[in-house]
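Features of the protein shown, as given by TrEMBL:
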- Asp234: active site, nucleophile (ACT_SITE)
- Tyr384: active site, proton donor (ACT_SITE)
- His441: active site, proton acceptor (ACT_SITE)
- 58-165: domain 'Epoxide hydrolase N-terminal' (DOMAIN)
- 6-26: transmembrane segment (TRANSMEM)
Amino acid sequence: EFRSSLTGIMLLEILLILGTIIFYFLRSRKKEETLSFKEGWWGRGQKPDTEEDATIWPFKVETTEKDLSDLYRRLDEARFTEPLEDSCFHYGTNSVYLRKVVSYWKNQFNWKKQVEILNKYPQFKTKIQGIDIHFVHVKPPCLPEGQSAKPLLMVHGWPGSFYEFYKIIPLLTDPASHGLSDEHIFEVICPSIPGYGFSEAPHKKGFNSVSAASVFYELMLRLGFSEFYAQGGDWGWLICTNLAQIAPSHLKGLHLNLASVTNMGFTHLLSILLGRYLPGLFGFQEEDVRRMFPFLKKGLYRILSESGYAHIQATKPDTVGCGLNDSPVGLAAYILEKFSTWTDLEFCNLEDGGLERKFNLDDLLTNIMIYWVSGCIVSSMRFYKENLQKGIGTQKHEKLPVQVPTGIASFPNEVMHTPQAWAQKKYTNIVSFHLMPKGGHFAALEEPELLAEDILQFVGKVEKEQLWRKK
């Protein structure tokens, strides 16, 4: 009897050990799970049987006199509404200021000069998964002997464009000329998200962030880059994150200036309730507490008051899009409001929305013109529906961790703050997390030097320790 009970205990022990091994094996397998590359066809009609033409051809921004006279006619015929007294930007774009913008647009803004600026960097197009993909590709003007340029993919978001990166590109391709360290020099690739700017819009439903990441991965391989870095904010954050999940062995490092975590666990919720009183327990720094609390005001109310546009775009983008695509003044009002609020929430207390404190009208109108001349506002808004219509936290990519070396630049005026303690549940290999001294959502356009410095130091860490080889 003793021997049989001993045998039973031994069997139980063996089963427990086997169970533990299987559990850890399955867990490690789950940890290493990647996201599937999304092979789509987004062109018109049926996918042809022939292989896709992989030609890359040069592109230049061009508009006709007819396009411009049509624009000026619409600006001349704009119908303005009177704002409420003392409403500043609390109700959205203030039409007193909007009249000033439209007057500048008609009388002083020189689109032809801005087209020359847009065309100063080499631009190209290539067909991927049935649609034309537009991208800017800038190589360093000179490289120190024995040094090679590091390819860097930079992805914009909504309502931005590839133009957001025009001020940061020279800092990355020629850092020494701008007082930055030239230990690492970049070759920068800035594509337009399909449906944005000069990239063709998908003709079929279902084009989401994973689709965009797959297209950009194919673009980088087509350009001959099997290893590269990726940087993004806004939708660029999600597209680059998905790219890190699809091709972790090809992405040397991921740099983000927005890191939203959509899959919230119990500890996240607990930290919202108690983090203000026990910050150390949840890994919060003083600055995290300052940016996040009181959570009702700086979290919940802020989300509710600032996310109306997202709800519309995630449900019925084409309805409001029709109006914006027909009226340049309506388009400007819609886009400018975001450049005000997302740069600094306090700007809503100013009659001009603080827009010219951080940007100039030429830059703001150039971005708006990219939307206008390409007629892309509706397709750009549809990206919200494709990404959000199934609900937040329901997609496979939201549940998968990111193991690629990650650098995060957390700007203080971003609409929602993500503390490092939250970010590292998703990004398990954060090598650099910096609470930036100033700046908001459109970091590359607003604070190009700060963002460039952060990218350079992050890549320096990854390269020095060869971190991507240890993923």
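Even glycines carry a Cβ here, placed using N, Cα and C.
Keep in mind that TrEMBL annotations are predicted by a computer and have not been checked by a curator.
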Integer Å distance between the CA atoms belonging to the residue listed as 'active site, nucleophile' and the residue listed as 'active site, proton donor': 12
Cβ neighbours of the residue listed as 'active site, proton acceptor' where a neighbour is any other Cβ within 10 Å: 23
Nearest-integer angstrom distance between the alpha carbons (Cα) of His441 (active site, proton acceptor) and Asp234 (active site, nucleophile): 8
PLDDT averaged over the residues of the domain 'Epoxide hydrolase N-terminal' (58-165): 97
Composition by DSSP (helix, strand, coil) of residues within the domain 'Epoxide hydrolase N-terminal' (58-165): 37 helix, 24 strand, 47 coil
Chain-internal residues near the residue listed as 'active site, nucleophile', provided their CB is under 8 angstroms and they sit 6+ positions away: His156, Gly157, Trp158, Gly160, Leu258, His441
Cβ neighbour count within 10 Å of the residue listed as 'active site, proton donor': 20
